[in-house]
Amino acid sequence: MEFGRTPALQIIVGVLWSQLQFGAEAVGTTVFTLRNNCTYTVWPATLSGNTAVAVGGGGFKLSPGANVSFPAPAGWSGRLWARTDCAPSGTASLACVTGDCGGAVSCSLGGAPPVTLAEFTLGGADGKDFYDVSLVDGYNVGIGVAATGARVNRSTCGYAGCVGDVNALCPAELQVAGKENDQQSGAAATTTVACRSACEAFGTAEYCCTGAHGGPDSCGPTRYSRLFKAACPAAYSYAYDDPTSTFTCGTGAQYVITFCPAQQQ
């Protein structure tokens, strides 16, 4: 499923993507295109919320600079995320430092937090698509979601995502440490590979929006969610962060999901 980066092959991929997108729009199928803009390999994963269909096969490897496109059935809802620092074992097992889904290559479980999520409901109320990028389960990799297609109105189909590097801003009490090899010396150094949500870190009702704080009137932003929001204004920072974080788009939209986006698309 992985595409290389030679100029000739990139041209072929571009043509194939154009044909796939045009055909998808004609029949009303939604196509997701995943791009890895990170400097390292990620293992994207998908999980369906309302069907047994594993879009994109449930998970695969995506090298730096590579793209993969796949369709989703009408009415599909679910989530996509990136797994990092993964070590394959055989053909079906994969152990990842972040976003792991029970050690499987093809996920049938959600990604273990902290993990950045792209969430979709296709053909929801009034036939519209609903989508967002969520940091409610923490952050491991920046994700950007852009609607594309000939019939897409960019002024109404907004950009959802997290361009800022939350790991670089993560408070010590939320940090998840990992090892990273220095490209020049080869020595391993400790680095922050993910940032936990306050709910995961502390488990209290105030941060988890449960119990006495189980509704939008009683669960508001905290100093931790405000930090996430400042870094990523177009992403969910806590459970009831709907007004600035949920986006809609009409029929015929296709979606580009970029890992480590450099800027809004």
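Cβ atoms here come from the backbone N, Cα and C positions, even for glycine.
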C86, C107 - which one TrEMBL pairs with C96 by disulfide: C86
Disulfide-linked residue for C170, taking TrEMBL as the record, within C157, C162, C195: C195
Alpha-carbon distance [C219 (disulfide bond); C86 (disulfide bond)] in Å: 35
Under 8 Å by Cβ from C232 (disulfide bond), same chain, sequence gap 6 or more: V133, L135, G142, G161, C162, V163, G164, V166
Least surrounded among the disulfide-bonded residues, given as C195, C219, when other CB atoms within 10 Å are counted: C219
C38, C101, C209 as disulfide-bonded residues, winner by CB count within 10 A: C101
Integer Cα-Cα distance in angstrom, C260 (disulfide bond) to C249 (disulfide bond): 23
For C199 (disulfide bond), nearby residues of its own chain (Cβ under 8 Å, 6 or more apart in sequence): V136, Y207, C208, C209
